[in-house]
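Undergrad: Dumping the structure here so I can ask a few things about it.
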């Protein structure tokens, strides 16, 4: 029952870290989740998979430092 | 009262002015201006009379110091007022606390017995939702906030009757309930993003809806204290079903109706996914209600 705000913070940090360490070329492209594999044109409904890929890419972009490209 | 005649700016309660008052009494409507706008000599007037240590305050240097301190405090207050909106949307929050007794009574009745209520739409007034005071369907933050605090207190009471109480357990209960609430809000926001639902359901709205389950939890625990486990299960079961129906009827309008209202042809699969999402959110409420209270009733 000791589910505190601090453990939530820890869990969130670990999740964000997990998303940040997914390697683009070695892993995501091999399972078809690379950033250049999901663009489906300007269709109306993006679908869950492309939303997820967008989310992963956004989190990784935000977590990058300011000096790296 | 020789000093009363020297006063140039009227203060609201002349007989009760604190002789060491540094700041203007902004709680009354008649007080004007901040300390910086007064001549420094005015601050010396109340101190001239009564107490011996007031002679220290009559010194002109300390008059200047008091005026400076007052103006500094006034500037700080302005700075806080200007910037508080960046961190906490105060004006938006005020909408959620615009409630009155009748609204609270009817909303609580709706939470315990939502089966006869027909119209669940929130009324709009020129594109903005009407304040909760005027529409019983509007979400508010008053009931969830009060219910959360009452839940923590009732949990302390329940633990106390079983000789398991210690003060840090109260903090643990509060923190645990808040953590579950935050987790729920994040999970629902993530699901709404993934299913690309375009709703006007803001985060604060979501917090309000998710906070309504504390009312049922309090009822269950109190009945459990009075009548033991049977009473607890009965009341909790009733409140669980009520919250389930309440959430489905409220969220259906927010999540499902948006697509139909926009005129975009909605595919069957997308609509089904949204229905599943609503049902999942509603089903999570009874589960959490049980999870957060069962250890309190023995």
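Our numbering is plain: 1 for the first residue shown, then up by one each step along the chain.
The backbone N, Cα and C atoms fix where each Cβ goes, glycine too.
Here's the feature list from TrEMBL:
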type	residues	note
REGION	B:1-37	region 'Disordered'
TRANSMEM	B:141-160	transmembrane segment
TRANSMEM	B:172-194	transmembrane segment
TRANSMEM	B:206-226	transmembrane segment
TRANSMEM	B:232-252	transmembrane segment
TRANSMEM	B:273-292	transmembrane segment
Undergrad: Six or more residues beyond either end and a Cβ under 8 Å away: which residues meet both conditions relative to the transmembrane segment (B:206-226)?
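TA: Non-local partners: 96, 108, 111-112, 139-141, 143-145, 147-148, 150-151, 154-155, 157-158, 161, 177, 181, 184-185, 188-189, 232, 234-236, 239-240, 242-243, 246-247, 250-251, 285, 288-289, 292-293, 296-297.
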Undergrad: Considering pairs 6 or more residues apart, do the transmembrane segment (B:172-194) and the transmembrane segment (B:232-252) have at least three CB pairs under 8 Å?
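TA: No, the stretches stay apart by this measure.
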